[in-house]
Structure formats: C-alpha cells, structure tokens
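Report on one structure; see the data block that follows.
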Amino acid sequence: MSEIAAVAKLYFGFFDREIIALLLTLPRIYAFLQVSQLLADTAVPRLPKTAAILSLSLIAVPINMAHVDAFDRSVVSFAFYGFKEYAIGFVLGYIVGWIFWAVQSAGAFIDNQRGAAIAASIDPLQGHETSPLGILFSQAFLTYVYVTGAMLPILGLLYQSFELWPATRGLPILSPEFPKLALAVADNALRVMLIVAAPIAAVMFLAEFALAIVSRFAPQVQVFILAMPIKSGLAIFMLIFYFSRLLPYATDQLATFRPAIDQFYAVMQFSAPPPGTAAPPAIQPAPAPGAPPPAVPDAPAAPSLRPVPLPPVPERAAPVVVPHPALPAPDHEGRGEAR
C-alpha cells in the first residue's frame, strides 16, 4: 500500500496544476448542463452524463491553467470557488434553458386548450409534470438541437465565459440590473411560447366557437362530448405541417440569448470603470502630526487687460430742407414771402 500511495503522490505531484484546473472547471459546466436541460438526470443515465461532463471540461482546463499558480490551495478556497462557479453556471444555464421551457410550455398550452391537460405525466427531460404534447415538443426540440449542430454555439458561449470570468477570479458583485435581466429572460420565454402555440390555439378556438353556435341552435346535440376529439384532430392535423416550421423557428431563437449573456457579463463587471473614461482623482493622505502643511500650488496669473480701441464715430451731415411747392420757402430771417 505504501508503494501505491507513493506512486499516487508522485503522479498527482506531476499533474498538480492540471488536476486543480480540472476541479475548478467542473462545477460551472455541471451546473450549466443541469439547469439548461441539455443533459437532464431523468433523460441521461449517470455514467454517460458524468463522462460527457468530464469530456467537455477537459477542453476548458487549459484556460484555467493560466490562473492556477495564483490560487490558494486550501479547503476554504476550494469550497468558495466551487460555490461561485456553480452559481455562474446556474445563471448561464438559466439564460440558455428558457427556450426549452418555452417550447415545452407551448405544447402544454395547446393540450390545455384542447382539454387533454388531465393526461399529464412526468417529462423525462425536464423532470416535472407536463402534458403529452409538452413531452413531444420538448423531446423533438432537444433532438433537433443536437442533430442540426445548434449545440455548438451554446458550448462556445460556455467556454467563452471562462475567458471573460476565469475560475480563480472572485465572486462577482451584481448590480441592480440583474433582476431586470432575469425578468427579461422570463418575458422572452413567455413571448416565444405564445407565438409558437398561437396558430393552433386560434384554430381550436374557432372550432369551439362553431360548436357553441351549433349548441345554440341544436340543444339536443352534446357538443361538450364532441369538442375534445374535434379540437384534438385539428391540432394533430396542423402539427403535421406546422412542425417543420416550429422547430427551425425555436432554434433561431437560440441566437437571442447572446445579448442576454453579454448583458450578464456587463452586470457582473459593473464595478470596473468602462473603457475610455477618466479615472477618479487620487485621494492624498493626511499629513503626519507636526509636519508642515503641503505646499499649495500658486494660482495661475490672471491675463492682463488691454483696452480695446473703439471705432471712430462718423460726423453727422447737416440736414437738407426741401421746400414744399405749395408753401413759401423760409428765409434766414424767419419771414416767409409769397410767390
């Protein structure tokens, strides 16, 4: 056993920096994949999920190795930075995972309108109760994301977060704009859900309105029994043509979380002065007791005042008197003479 312990100690001594960088990388990636529903516990077994997280973490290890030398290798430091990394991964997963919740909620909303919400069951991807169409939408959209390669930009943003906020950097101080960002993400998810479910919900509403008119003129017809199969048939028929538009539209919405992530980075780094701004003036220390007061710099001399020459005033010309033809012209002695 002593030989095995010595070999293990020697091995970990050679790869000390790599192992510490890996331990600092795992919490953020695990929290991101867990919250964003890309690798849910109920959908992916634990062993393949652990292998996937470890494989994805190895790519980001070289980024954190550049900051490992300044890391304090203590239990308190590992606990603090592990919690900080999990919190950052949780927020990033929330910003990315809203589109999956929106697509699933659209299916649940359609089922609620057609009266099939009573047939709810557990969604294996997201781990909570939802309707049959909600499960279909969730699984189909996640499969579409993996098949079309839309997963690659998401992983690119995850790896970019290690460059913008390394694992050995302290806990970010969030500004008051963070609640506004979280509500904006939820508002965007609700908007996408309504846009996705609106066409089918509108057709089912028209069908129910028509059945209400039929029941008004034919009270003996049990329209409540016919409403659910008719609306379900219309919804399934529309999904045959609508699904080819729904999945690409939801995938295109993945590009909208990039501004939200950029805003999240700005919220985390709000305490740093923006580039291009002047630094505040330095505070001078107070003089020691008994020391002479600091010299006050002389004020700049006021500029000398020079008289401004005024322009010459032109002489006024003598007024010219034009005599009126009907009046006698005045003479110099003040007497008039009639013509």
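Positions of Cβ are set from backbone N, Cα and C atoms, glycine also.
Taken from TrEMBL, the feature transmembrane segment covers 19-40 (among others). Non-local neighbours of the transmembrane segment (19-40) in the same chain are 12, 49, 52-54, 56-58, 60-62, 64-65, 68, 71, 73, 78, 81-83, 85-90, 92-94, 96-97, 100-101, 124-127, 142, 151, 154, 158, 161-162, 167-168; each lies 6+ residues outside the stretch with a CB under 8 Å from one of its CB atoms.
Residues 17-18, 21-22, 24-26, 29-30, 33, 39, 41, 155, 158-159, 162-163, 166-168 of the same chain sit 6 or more residues outside the transmembrane segment (47-66) yet have a Cβ under 8 Å from a Cβ within it. TrEMBL lists 47-66 (among others) with the feature transmembrane segment.
Here the transmembrane segment (86-103) has long-range neighbours at 27-38, 125-126, 137-138, 141-142, 154, 157-158, 161, 165, 171-172, 182, 185-186, 188-190, 192-193, 196, 246, 250, 253-254, 257, 260-261, 264, meaning same-chain residues at least 6 beyond its ends whose C-beta is under 8 angstroms from one of its own. Taken from TrEMBL, the feature transmembrane segment covers 86-103 (among others).
The transmembrane segment feature in TrEMBL is assigned to 141-162 (among others).
Sequence-distant neighbours of the transmembrane segment (189-211) (same chain, 6+ residues past either end, Cβ-Cβ under 8 Å): 98-99, 101-103, 105-107, 109-110, 113-114, 223, 226-227, 230-231, 234-235, 238-239, 242, 246, 249-250, 253. Annotation source TrEMBL lists transmembrane segment at 189-211 (among others).
According to TrEMBL, the feature transmembrane segment maps to 223-243 (among others). Distant neighbours of the transmembrane segment (223-243): 110, 113-116, 133, 140, 199-200, 203-204, 207-208, 211-212, 214-215; these residues of the same chain sit at least 6 beyond its ends, with a Cβ under 8 Å from one of its Cβ atoms.
The compositional bias 'Pro residues' annotation in TrEMBL covers 276-297.
Summarising the annotation, TrEMBL assigns compositional bias 'Low complexity' to 315-324.
TrEMBL lists 330-339 with the feature compositional bias 'Basic and acidic residues'.
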